[in-house]
């Protein structure tokens, strides 16, 4: 897999800068002790998780793939969720929908090199939905923490891959992941560290 670094191009620098700022913001929301920010943290993480859900479904439907269209979708999600996240049932539904997209991404990262990216994503969708529904009924707070863990991990892994430090996420859809000991060890360590931060909050 070839990392999409493109640091020499203005667009590449802009993309990396935006992702970097976003990742710093996510960690700030994760670690902050400010009570007013703590109340809004789930709103921030749910909106970020839904960016992947929206992009995935827009890609399947085959329309509006331009960057301006996606930017409009992201802004709409942020505005809509500002109101929806005050409704517990809406939060639960959004979390479940997000997990159905986030879990396949995680599955692709950790299992894709061994069973193939497409197989990992396909299995992850069904497994993620089942786990999310079960946790929503019995352990909703735990489900939210799992969701937030996935969001922070995926955005961090995306930044690492964009910088070309190591390829933790598939940046080119046409390429299949290949087993790589360094990538796997880095992914596991990163996942564990972020998991500790999320669950100790």
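Placement of Cβ uses the backbone N, Cα and C atoms for every residue, glycine included.
Residues annotated as transmembrane segment in TrEMBL: 12-31, 43-62, 68-84, 91-115, 121-143, 150-169, 181-200.
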Count, for each of 68-84, 91-115, 181-200, the Cβ pairs lying under 8 Å from the transmembrane segment (12-31), and report the range with the highest count.
181-200
Report, as numbers and ranges, every residue of the chain located at least six residues beyond the transmembrane segment (68-84) whose Cβ falls under 8 Å of a Cβ in that stretch; write 'none' if there are none.
43, 46-47, 50-51, 54-55, 58, 90-91, 94
